[in-house]
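Undergrad: Quick paste from Swiss-Prot:
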type	residues	note
MOD_RES	Ala1	N-acetylalanine
BINDING	Cys46, His68, Cys175	Zn(2+) 1 binding site
BINDING	Cys98, Cys101, Cys104, Cys112	Zn(2+) 2 binding site
SITE	Arg116	site 'Important for FDH activity and activation by fatty acids'
Amino acid sequence: ATVGKTIRCRAAVAWEAGKPLSMEEVEVAPPQAGEVRIKIVATGICHTDAYTLSGSDPEGVFPSVLGHEGAGIVESVGEGVTKFKSGDAVIPLYVPQCGECKFCKNPKTNLCQKIRLTQGKGLMPNGTSRFSCNGQVLFHFMGSSTFSEYTVVAEISLAKVHEKAPLDKVCLLGCAISTGYGAALNTAKVEAGSTCAVFGLGALGLAVIMGCQAAGASRIIAIDVNPDKFRIAKEFGATDLVNPKDHSKPVEQVLVEMTDGGVDYSFECVGNIAVMRAALEACHKGWGTSVIIGVAAAGQEISTRPFQLVTGRTWKGTAFGGYKSVESVPKLVEEYMNKKVKVDEFVTHTLPFEKIHEGFDLMGAGKSIRTVLNY
């Protein structure tokens, strides 16, 4: 009944940086060629949403519909779309996979660039938006915009998942869990018996711990200044817990002493450039590798002494856990359904969509791991 028509629905609109989201009735236009319109069933709230809303994101455009960790059901498809049909269970992807660009053809990366330029400007690949509110155009966000009852995404930015997958759980595989899990398995390539340090114990850090454990790490040191995070870190597989506030010396020194010279792998899951440096310098001379996952504010730069790298440490970064998205997310959903990957344990709060502000408050206060909003 809605096919080919504009849908009026609720969305949480970010009118401007630094202002709270506002629940509005918006119009969502039908999908154009190569696009898919989705009814969102559930979405997680990620620090990246708050980061963009705060105005720290150099690519943040307003007014916009934020949200990038969702799952839903295909409502209709645009011209030429063959891989999806109405009723399919799907997860929108902020890292697409066109399969044709030089990035997609290179096994070393997952960073498809096919629609990068328009996505960064908050537009669909043809340079226009599908959202409006009272006649005003709203921008898209990260190619996903899940804080709306309906959204439109490019067909290359969508993964079809198992029809029986609980969408209010697997939505988290659209960002946090895949990113952290893959950082350990794909980017760092953690080996059995290794020692790992994870800085920051939000959803991302916990997913890294899960990845390190899956890889057979013998020691996983979890680091956070909020001791409330330690219990769940232990449940996820952390073997040691370190609160930098409990020590007079720098945390990297504490770790080097604890581990007879440093860790094999470290992961920065905060987005703080001082922590990024500490994570690198906690690595073992000769072979230690540090992976940056956290997103720092616009214009910030990382630093260390070149000698740290000259003496055999490696500094890397990762996006979406190195997973080529369209092919990997359905497999991760299957792994979850086969009890190989934890998802439920990340969900500490569930709220109805209209209580989105409460979800942001819980995250800001460090009281939640993930809040899932149900529509």
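Each Cβ is built from the backbone N, Cα and C atoms, and glycine gets one as well.
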Undergrad: Quick check for the class: what is the C-alpha distance, in angstrom and rounded, between Cys112 (Zn(2+) 2 binding site) and Cys175 (Zn(2+) 1 binding site)?
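TA: It is 16 Å, counting Cα to Cα.
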Undergrad: Out of the recorded positions Ala1, Cys46, His68, Arg116, Cys175, give me the one sitting nearest to Cys104 (Zn(2+) 2 binding site) by CA distance.
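TA: So, of the listed recorded positions, the one sitting closest to Cys104 (Zn(2+) 2 binding site) is Arg116.
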Undergrad: Given a 10 Å Cβ-Cβ cut-off, pick out the one of the binding-site residues Cys46, Cys98, Cys104, Cys112, Cys175 that has the most other Cβ atoms nearby.
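TA: When each Cβ's neighbours within 10 Å are tallied, Cys175 tops the list.
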Undergrad: Can you tell which of Ala1, Cys101 has the most other C-beta atoms within 10 Å, given these are the recorded positions?
TA: Cys101
Undergrad: Whole-number Å only: compute the distance from the Cα of Cys175 (Zn(2+) 1 binding site) to the Cα of Cys101 (Zn(2+) 2 binding site).
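TA: Here the two Cα atoms are 22 Å apart.
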Undergrad: Let's check the environment of Arg116 (site 'Important for FDH activity and activation by fatty acids'): how many other CB atoms sit within 10 Å of its CB?
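TA: Summing over all protein chains shown, Arg116 (site 'Important for FDH activity and activation by fatty acids') has 15 other Cβ atoms within 10 Å.
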Undergrad: List, in sequence order, the residues of the same chain other than Cys98, Cys101, Cys104, Cys112 whose Cβ lies within 8 Å of the centroid of the Cβ atoms of the recorded Zn(2+) 2 site.
TA: Pro96, Gln97, Gly99, Glu100, Lys102, Phe103, Lys105, Gln113, Lys114, Ile156
